[in-house]
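S.K.: Input: one structure, supplied below.
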Amino acid sequence: MKWRDAVDRRNFYFMTANGALYFTALAFIDSNIIVPLFLNNLTHSPLLVGLAATVRSVGFFLPQILLAGWVTGAEHLNRFIFRTHFFTRSQLLIPVLAIWFSWPASVTATLFLISFTIFAFGEGVGQVPWMDIFGRTIDESHRGKMMGIMQSLGGLGAFGGTLLVQRILGSPRWEFPTDFSLLFLLAVTFLLASAFAIRFAKDPAKQSRNARELSVSHVISHIPQYLRDHRLFTRMLVVQVLTGFNVLGFPFYILFVQQAGVLPRWAAAILLTIQVLGQVSGGLLLGYFSDRVGNRKTIIVTTVINLLVPLVILFSQRLAGLAAFIGTGLGFLGVGMVLGGWLGFVNYLMETTPTAKRPIYVSLSNLFASPVGLLPIAAGAFLKLIPMNWIFWTIAFIEILAVMMAMRLPDPRKLDANEANIGRPRLAPAFRPDDRQRHETTNESEDKGEH
């Protein structure tokens, strides 16, 4: 692989490690299986299961609009991410202690939701700075490969994690909820290791901080202009929001399978392993598609898989024996694959957006996606009134629309800036110093940081 410069190579390795360790950690605190099972067994409340899923989505998306303008001018973002994540991720130790000290279930559930909320918002706070470093320092030809390798290595780590999950949850030595406390402790360990990895990445100095930094009010008030100036982004955003309705089903698939009673209860740990295998294969597949055939086709593949997931899980519960297990396994394999579905959208945005404006458009994409994150808690409340399979049919209908809109997206590789309506004349010039300038700038930045 040919490197653009030393920063491209260094950040490729450390940001890959950061993401891989993060995905490994998620095997122990998976929002689609582990957290729903923990809260359902602890409280028997689908509403709290939906609340946790909502917190995870909204906490990730909402803070990003507040940081968009600041990130355009901020420096030493790798250190900012490290400090933020070290604090917010370590909060997950609180419910671990609550379990070890045998506090009441209501107290433990409350502390878990509070710490999980802090964790979720911390991930949102770190996302825009991470994407800013990624967009400025990783060469365009390496982005799809880095994302694919990151997800695949993380998936392999998570696969090993699922073996531990099976061992812990299946061992008579560890009773509920002590078994889940061990899972959360392992999650924190890998999450903190991930935070240390991003600390060793490089964040080269930007052009002029004062000239480029924007206030939150400026970003929000100029949202219509941003959408008009970047028509490709606006069209992609519609597809992304429609695709985001898949979060409706994520926390309830495992509960639906257990309630159907077709598979034994121990199958949950096996399904988690299959989901991780989907994450590995999805990372490789989507990374390959992104680099080889373009991000438009990557988005189309993602939307098609999202359409198939609820349908496959629904119909599999009408089968029996091995056929039911294979069908359900394919459904959760698809769930794992679409967990990396953001890859196509992110690289489509990176490919069509000038460097100076990327933090803003990353934030806008997540801002418009954040309302969808409220749907799981609404679904959890409505489950007392409607059958769970109605939710899955709703997801399938919306994903059909997403597939249709994705197929209408232009391929940015076949368009120039004017055809894409990116509006480059209004945007700040992209910052891409030559190798010698970048090397000198990086050394100066690091020297200042040490004093």
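Note: Cβ is positioned from N, Cα and C throughout, glycine not excepted.
Keep in mind that TrEMBL annotations are predicted by a computer and have not been checked by a curator.
Copied straight from TrEMBL:
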- 432-451: compositional bias 'Basic and acidic residues' (COMPBIAS)
- 232-451: domain 'Major facilitator superfamily (MFS) profile' (DOMAIN)
- 422-451: region 'Disordered' (REGION)
- 12-35: transmembrane segment (TRANSMEM)
- 47-74: transmembrane segment (TRANSMEM)
- 86-103: transmembrane segment (TRANSMEM)
- 181-201: transmembrane segment (TRANSMEM)
- 232-254: transmembrane segment (TRANSMEM)
- 266-286: transmembrane segment (TRANSMEM)
- 298-316: transmembrane segment (TRANSMEM)
- 322-348: transmembrane segment (TRANSMEM)
- 360-383: transmembrane segment (TRANSMEM)
- 389-407: transmembrane segment (TRANSMEM)
S.K.: Take the C-beta pairs under 8 A between the transmembrane segment (12-35) and each of 47-74, 181-201, 232-254, 298-316, 389-407. Which stretch has the highest count?
M.R.: 181-201
S.K.: When only pairs 6 or more apart in sequence are counted, do the transmembrane segment (322-348) and the transmembrane segment (266-286) reach 3 or more Cβ pairs under 8 Å?
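M.R.: Yes, since the transmembrane segment (322-348) and the transmembrane segment (266-286) share at least 3 Cβ pairs closer than 8 Å, they count as touching.
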S.K.: Can you tell me which of 86-103, 181-201, 232-254, 266-286 gets the most C-beta pairs within less than 8 Å of the transmembrane segment (360-383)?
M.R.: 232-254
S.K.: Does the chain bring the transmembrane segment (232-254) near the transmembrane segment (86-103), so that three or more CB pairs sit under 8 Å (pairs 6 or more apart in sequence)?
M.R.: no
S.K.: Taking all residues of the domain 'Major facilitator superfamily (MFS) profile' (232-451) together, what is their mean pLDDT?
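M.R.: In the predicted model, the domain 'Major facilitator superfamily (MFS) profile' (232-451) has a mean pLDDT of 77.
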S.K.: By Cβ distance under 8 Å, which residues at least 6 away from the ends of the transmembrane segment (181-201) in the same chain are close to it?
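M.R.: Residues packing against the transmembrane segment (181-201) from afar: 10-11, 14-15, 17-19, 21-22, 24-29, 34, 78-79, 81-82, 85-86, 89-90, 92-93, 95-96, 99-100, 130, 133, 137, 157, 161, 164-165, 168, 174.
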S.K.: Counting only residues 6 or more past its boundaries, what in the same chain has a CB within less than 8 Å of a CB in the transmembrane segment (47-74)?
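M.R.: 31, 35-36, 39-40, 80, 109, 113, 116-117, 119-125, 127-129, 132, 206, 208-216, 218-220, 247, 250-252, 255, 356-357, 359-360, 362-364, 366-367, 369-370, 372-381.
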